[in-house]
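**Q** Here it is, the structure in full.
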Amino acid sequence: MVDYHAANQSYQYGPSSAGNGAGGGGSMGDYMAQEDDWDRDLLLDPAWEKQQRKTFTAWCNSHLRKAGTQIENIDEDFRDGLKLMLLLEVISGERLPKPERGKMRVHKINNVNKALDFIASKGVKLVSIGAEEIVDGNAKMTLGMIWTIILRFAIQDISVEETSAKEGLLLWCQRKTAPYKNVNVQNFHISWKDGLAFNALIHRHRPELIEYDKLRKDDPVTNLNNAFEVAEKYLDIPKMLDAEDIVNTARPDEKAIMTYVSSFYHAFSGAQKAETAANRICKVLAVNQENEHLMEDYEKLASDLLEWIRRTIPWLEDRVPQKTIQEMQQKLEDFRDYRRVHKPPKVQEKCQLEINFNTLQTKLRLSNRPAFMPSEGKMVSDINNGWQHLEQAEKGYEEWLLNEIRRLERLDHLAEKFRQKASIHEAWTDGKEAMLKHRDYETATLSDIKALIRKHEAFESDLAAHQDRVEQIAAIAQELNELDYYDSHNVNTRCQKICDQWDALGSLTHSRREALEKTEKQLEAIDQLHLEYAKRAAPFNNWMESAMEDLQDMFIVHTIEEIEGLISAHDQFKSTLPDADREREAILAIHKEAQRIAESNHIKLSGSNPYTTVTPQIINSKWEKVQQLVPKRDHALLEEQSKQQSNEHLRRQFASQANVVGPWIQTKMEEIGRISIEMNGTLEDQLSHLKQYERSIVDYKPNLDLLEQQHQLIQEALIFDNKHTNYTMEHIRVGWEQLLTTIARTINEVENQILTRDAKGISQEQMQEFRASFNHFDKDHGGALGPEEFKACLISLGYDVENDRQGEAEFNRIMSLVDPNHSGLVTFQAFIDFMSRETTDTDTADQVIASFKVLAGDKNFITAEELRRELPPDQAEYCIARMAPYQGPDAVPGALDYKSFSTALYGESDL
């Protein structure tokens, strides 16, 4: 028997249809093409014929009842062609030619031919089916004709993901029944025998009608009858199959099953459209949620970084001076710890923040979303401004620390100098008041008086010589006050005491002179030799005291030149020692001569010079002290010279490394700039090259670490300048940070270009052409085009943006797309986005609104219940939380405005 049932492989009925397939969804191929000769005399399989009669009759009646009629016997009731024409009018919605009402055979044949002609006009080639067979009641041909009508008007338009007809209907069934246990739809015969697939289809769309979990696979008749009864009662799908026939047939008739299943498809077609709309909305919402997650990450990272900057700047701007150098050195150590430990992670966070921001903006542009505008105060520019403020505060803080350390060092030096001079002066003034108050002249002889007068003159000479020391003490105290020395109170007290004592000495000296001069008239004797001794011994004694002060004086130098200057001065001082020694011997010779004269004249001396307290023993003692201090001074100067030579070595060592690292960083910066402009090869090649370049930069880090170690030694040695190099550690650090940031940003730009290329389908040749056009107008090779450069580029590409009103408006529109932040510059990434957008379709707000309208059943609003039914739970709640209440005249309680929500997704309104 000829198997015309194989025709279900395509939209035709005939023995050769199995080879045509369902791949031509829009094809009106030969529905009845022959594979072998059609044997009209062969009979249908009785079981299949029975199933087809029942199914096709029910299917026809489901449509004929709309016209108020039905058929009882499918091969008898269509013989006159009247109900056949009526059926075609109902299912097509079109008017057929007026039928002939005669009862003769010719009238019937003409009516059937009108029906067959109408079928053929729909692109269906009827093979081997003629009006005579239908009029004669040929069951095989009548069933074949009805199957052809079912294929054309009920199954042909079924399309699921580029498939159609049988394959589309089968794929639809597989998807709908996939979640159900014991259901595996692979065909339209035995996959449906247990009835579970029918129940699964109903439960998938109307779960309240079927208690699927209570169905048993081993009770197919119950399952089938349950599905048929529910479909007829609640879905208005007539019972087209008989449960016992399906169960008792080894292989149920495919056409009968497909006809019945197609009724389910059409009954649930609205739900199918809703599912498609829901999938589109889910896709759009998934993109939006991912972008919102990236925005939240950016906001948090930006907030944390800005908070750290906000907390750090006050610490760097705290310039409260400390009292001691130890406290300031601790502050300097804390600052170095901040530079080494706390700041580097924040530099990486800042770089990562810029990368995340650029990636987010690229994704937003690719998904046709508005550019991301961070919260107020959290723009990349705000972070850069805060970072710049931080680095300015950091630089000022370091300079302040070093200046404070220098100030405290000078204060310590001045304080020690003040104490030395004050101690020497106090030692000199000790007993002077008592001496000036002594009234020894009242009982002295004339010679004694003259001696007292000479002694007093010598004292006045000595007093005048000490005037410079007192002024130096006062000047040092004043400088300590001006430099805010922490122990200024004690210094001022001691200085005031010295000044008060000095004034008292001046007053007492004046009083004693008056007393001596008053008595002088009565006294004549004077020992000129002692007087000469006193006059020469006092200056010499002062010279030795000054020399001892200078030899014990502390010194602070920072360069070899300064220490060599001190050594030169010391050598010059040593060259004066022979003359000083001769002066000492001359003074001692005067003393010896006085003794010789006294002895020769039998003069009994008191043992001391009446005119001075400076004895030869004092002169010799101080001279010996000077002789001892000279080699000590030599040793101290040589030690300092060695220290400065070591410091010079550190300077040269640092300069040698810095003069290599600094130009290397500058060269790498220039090379990166050149690479970012030239960009030879594919984007993947460029990305690989840049990452290799980045690794070479990272591998260079040990050279920077070595320089940091050398810089640490310089700082520990308190070396504040270096004439051998123009590069400071701060310059090197800033250059290194800029180098890392630049290579990371360049890599990110290439990655974004790859992302844009893949998302938009841009070829490598197009990308290179875009780069060539961009570089041609990027005259300064800055990586961005100004408005005039960009306009010239657009004109070269054929855009009408001339300087007339219409061209200016078009140019302003394009600028708003490529420069949403109004920075006045168009980056290469923005240029690529614009060019790709001109040739690529993207989803729009109108598409999303249309999808929501499908879910809402063509209403202007949607309810939370409808959203929860059609969308996944998280995305349904996302929409409910953000949709505004619908305010239209047709609003119902709980109505939501999906139109404003959809436009807000694309930046056309506010959420």
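Every residue, even glycine, has its Cβ placed from backbone N, Cα and C.
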**Q** So Swiss-Prot lists Asp778, Asp780 for Ca(2+); which of Glu788, Glu789 goes with them?
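**A** Swiss-Prot names Glu789 for this Ca(2+) site.
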**Q** State the residue range annotated as region 'Interaction with VCL' by Swiss-Prot; the candidates are 108-126, 279-297, 355-373.
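**A** Based on what Swiss-Prot states, region 'Interaction with VCL' spans 108-126.
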**Q** In Swiss-Prot, which of these is labelled N6-acetyllysine: Lys193, Lys239, Lys535, Lys592?
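**A** Of the listed residues, Swiss-Prot records N6-acetyllysine for Lys592.
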**Q** Sequence-remote contacts (6 or more beyond its ends) of the region 'Polyphosphoinositide (PIP2)-binding' (177-192), Cβ cut-off under 8 Å?
**A** 8, 166, 169-170, 198, 200-201, 203-204, 212, 217, 246, 251-254, 257-258, 261
**Q** Can you tell me how far the Cα of Lys625 (N6-acetyllysine) sits from the Cα of Lys114 (N6-acetyllysine), in Å?
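**A** With the alpha carbons as reference points, the distance is 145 Å.
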**Q** Within the chain of Lys214 (N6-acetyllysine), which residues six or more apart in sequence place their C-beta under 8 angstroms from its C-beta?
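**A** Looking at Cβ-Cβ distances below 8 Å from Lys214 (N6-acetyllysine), excluding near sequence neighbours, one finds none.
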**Q** Please identify, from the modified residues Lys114, Lys592, Lys779, Lys859, the residue with the sparsest Cβ neighbourhood, meaning fewest other Cβ atoms within 10 angstroms.
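**A** It is Lys779 that, of the modified residues Lys114, Lys592, Lys779, Lys859, has the fewest other Cβ atoms within 10 Å.
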**Q** Does DSSP put Lys779 (N6-acetyllysine) in a helix, in a strand, or in coil?
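**A** Once the DSSP labels are grouped into three classes, Lys779 (N6-acetyllysine) ends up as coil.
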**Q** Return the member of Lys114, Thr249, Lys592, Ser696, Lys859 nearest to Lys779 (N6-acetyllysine) in space, with distance defined Cα to Cα and candidates limited to these modified residues.
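**A** Of all the candidates listed, Ser696 is nearest in space.
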**Q** Ranking the modified residues Thr249, Lys625, Ser696 by other Cβ atoms within 10 Å, which is at the bottom?
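**A** With the modified residues Thr249, Lys625, Ser696, fewest surrounding Cβ atoms within 10 Å: Ser696.
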**Q** Find the average pLDDT over the region 'Actin-binding' (1-269) in the predicted model and report it.
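**A** For the region 'Actin-binding' (1-269), the model's average pLDDT rounds to 78.
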**Q** Roughly how many angstrom lie between the C-alpha atoms of Lys114 (N6-acetyllysine) and Thr249 (phosphothreonine)?
**A** 37
**Q** Looking at the modified residues Thr249, Lys592, Lys859, whose Cα is closest in space to that of Ser696 (phosphoserine)?
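**A** Out of the listed candidates, the nearest Cα belongs to Lys859.
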**Q** Whole-number Å only: compute the distance from the Cα of Lys592 (N6-acetyllysine) to the Cα of Thr249 (phosphothreonine).
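**A** Just about 157 Å between their Cα atoms.
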